[in-house]
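Taken straight from Swiss-Prot:
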| type | residues | note |
| --- | --- | --- |
| BINDING | Ala17, Pro18, Ser19, Gly20, Thr21, Gly22, Lys23, Ser24 | ATP binding site |
| DOMAIN | 10-189 | domain 'Guanylate kinase-like' |
Amino acid sequence: MSAEQVLDQGRLIVFSAPSGTGKSTVAKLVMERLGSLEFSVSATTRQMRAGERDGVDYHFLSREEFEKKIAENGFIEHEFFFGNFYGTLLDKTIDAIKAGHNLLFDLDVKGALNLKRIFGDQALLVFLKPPSMEELARRLQARDSESAEALKSRLERAEMELSHAGEFDFVVVNDDLGRTVDAVATRIAEFLPQP
């Protein structure tokens, strides 16, 4: 079955943004507002953070399990960064789309662009920009969960990700949460098939 045949039954919405931009919050609020989206849960080898649940926030896999799935072509996309693997499980995605679900993904820039390359116009790429690099640095420091070196790496990665914003279908600066959610929800509602 081709990607086009599967996707005639559901749509893909992909959120990307530098870490600390608020994409998880925006995604959650947009999902609550629209009610017609199902969150695609990514797999990862990173350690579970406080409050996270396996199968809800991520599918937490051992490195060995993840590498086995890579060898079996079990991912739509996967990435290795900051010492951990992240990926989108092919079987879970296909099952949800076949069931007619519209899936929302939280992916890095490379993963988003890979997904768009595979699924074309059936995928809508949404990029959230921070108000400024200074504000992004402040938000990341407020998390107090990373070393100075990791923070520096995240900020460098953010600059790279921001350079790809023009490759996305819809770009919005997250400087006001309410306005951002309104704009993103409106664009997604226009993209989804009408009943």
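Cβ from N, Cα, C; glycine included.
Structure coloured by features recorded in Swiss-Prot.
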residue : record           : contacts (Cβ under 8 Å, 6+ apart)
Ala17   : ATP binding site : Lys23, Phe127, Leu128, Lys129, Pro130, Glu161, Asn174
Pro18   : ATP binding site : Pro130, Leu136, Arg154, Arg157, Ala158, Glu161, Leu162
Ser19   : ATP binding site : Leu140, Arg154, Arg157, Ala158
Gly20   : ATP binding site : Pro130, Leu136, Arg139, Leu140, Arg143, Arg154, Ala158
Thr21   : ATP binding site : Leu128, Lys129, Pro130, Leu136, Arg139, Asn174
Gly22   : ATP binding site : Leu128, Arg139, Asn174, Leu177, Thr180
Ser24   : ATP binding site : Asp106
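Cβ proximity to the ATP site centre (mean Cβ of Ala17, Pro18, Ser19, Gly20, Thr21, Gly22, Lys23, Ser24, cutoff 8 Å) flags the following additional same-chain residues: Leu128, Pro130, Asn174. DSSP assigns Ser19 (ATP binding site) to coil, not to a helix or a strand.
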